[in-house]
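K.L.:
As listed in Swiss-Prot for this protein:
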- S2: N-acetylserine (MOD_RES)
- K4: SUMO2 cross-link (CROSSLNK)
- 21-92: domain 'RRM' (DOMAIN)
- K44: N6-acetyllysine (MOD_RES)
- S63: phosphoserine (MOD_RES)
- K94: SUMO2 cross-link (CROSSLNK)
- K99: SUMO2 cross-link (CROSSLNK)
- S106: phosphoserine (MOD_RES)
- S135: phosphoserine (MOD_RES)
- K159: SUMO2 cross-link (CROSSLNK)
- K165: SUMO2 cross-link (CROSSLNK)
- K165: N6-acetyllysine (MOD_RES)
- K179: SUMO2 cross-link (CROSSLNK)
- K191: SUMO2 cross-link (CROSSLNK)
- 227-253: region 'Epitope (recognized by BKRF1 antibodies)' (REGION)
- 227-252: compositional bias 'Gly residues' (COMPBIAS)
- S264: phosphoserine (MOD_RES)
- S288: phosphoserine (MOD_RES)
- S295: phosphoserine (MOD_RES)
Amino acid sequence: MSLKLQASNVTNKNDPKSINSRVFIGNLNTALVKKSDVETIFSKYGRVAGCSVHKGYAFVQYSNERHARAAVLGENGRVLAGQTLDINMAGEPKPDRPKGLKRAASAIYSGYIFDYDYYRDDFYDRLFDYRGRLSPVPVPRAVPVKRPRVTVPLVRRVKTNVPVKLFARSTAVTTSSAKIKLKSSELQAIKTELTQIKSNIDALLSRLEQIAAEQKANPDGKKKGDGGGAGGGGGGGGSGGGGSGGGGGGGSSRPPAPQENTTSEAGLPQGEARTRDDGDEEGLLTHSEEELEHSQDTDADDGALQ
């Protein structure tokens with residue numbers, strides 16, 4: 001017959017391994033449930049190293065943390081002796097559990113039996129308060145890397161007229177080159193027109209010189225023709241024949257004049273014809289002089305641009 005060894009009552013070791021493998025059983029009906037019953041229930045999850053039953057709660061000390069967590073998962077919320085058990089890890093206090101009121105020093109001991117209620121609350125309060133008071137491990141601060149400041153040199157704006165002048169000169173050169181190209185083409189056209197005008201003026205001058213020479217060579221013949229015409233109009237056919245004879249004599253002494261001039265001169269008096277010829281000569285001369293002055297001005301402008 002084998003005797004079952006009871007677990008010890010030691011459940012208050014302070015080493016981390018013992019704390020992490022300890023189970024707290026709350027809301028326990030200790031009037032009906034004994035220490036042996038608690039050991040029987042929790043021994044199926046692993047070896048129970050210690051068990052202590054107190055008024056309304058109990059502690060179960062396992063030798064392995066894995067066994068303690070398995071017992072918490074398996075027995076939490078179980079109804080035992082008409083009360084629902086509140087089981088969790090002793091080293092991890094439940095956040096929603098209210099802290100027990102501390103009793104007076106006279107109520108700590110009740111005869112021979114030691115009151116673990118005050119002991120448990122006071123012990124874990126001190127334990128977690130001590131852990132909270134521990135200063136955390138100082139984390140080494142990252143040394144900030146000093147970056148060299150980039151200094152931007154301040155450049156003062158100096159007002160200078162040189163670039164503006166150069167720009168103006170360049171634009172002037174480009175515009176002047178374009179104008180020179182245009183003027184060269186225009187000058188070429190003007191030159192061709194002037195040559196044509198000059199040739200026309202030369203032809204007109206030669207014609208005028210020819211007319212003037214003819215008039216100086218035969219001034220009497222023209223008067224006779226005029227007199228014969230007048231006599232023929234007043235006296236009849238005899239004087240008309242004389243006028244025709246005079247006209248024939250004049251024709252033999254000089255070359256025949258153009259038909260337009262003879263007809264116009266015959267229809268007009270001698271004074272009016274002469275004034276008309278002089279006016280035509282003066283108009284042609286003034287026109288030719290203006291054209292020559294204009295050609296000289298354009299040649300001077302072309303030379304200045306080149």
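Just so it is clear, glycine is given a Cβ too, placed from its N, Cα and C backbone atoms.
Give me the lay of the land around each of these features.
P.N.:
Each residue in the domain 'RRM' (21-92) gets a DSSP state, and the totals come to 22 helix, 26 strand, 24 coil.
The local packing around K44 (N6-acetyllysine), expressed as other Cβ atoms within 10 Å of its Cβ over all shown chains, amounts to 12.
The Cβ neighbour count for S63 (phosphoserine), using a 10 Å radius over every protein chain in view, is 14.
DSSP assigns K191 (SUMO2 cross-link) to a helical segment in the three-state reduction.
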K.L.:
In whole Å, how far does the CA atom of K179 (SUMO2 cross-link) lie from that of K44 (N6-acetyllysine)?
P.N.:
115
K.L.:
Given K191 (SUMO2 cross-link) and S63 (phosphoserine), what distance in Å do their CA atoms have, once rounded to a whole number?
P.N.:
127
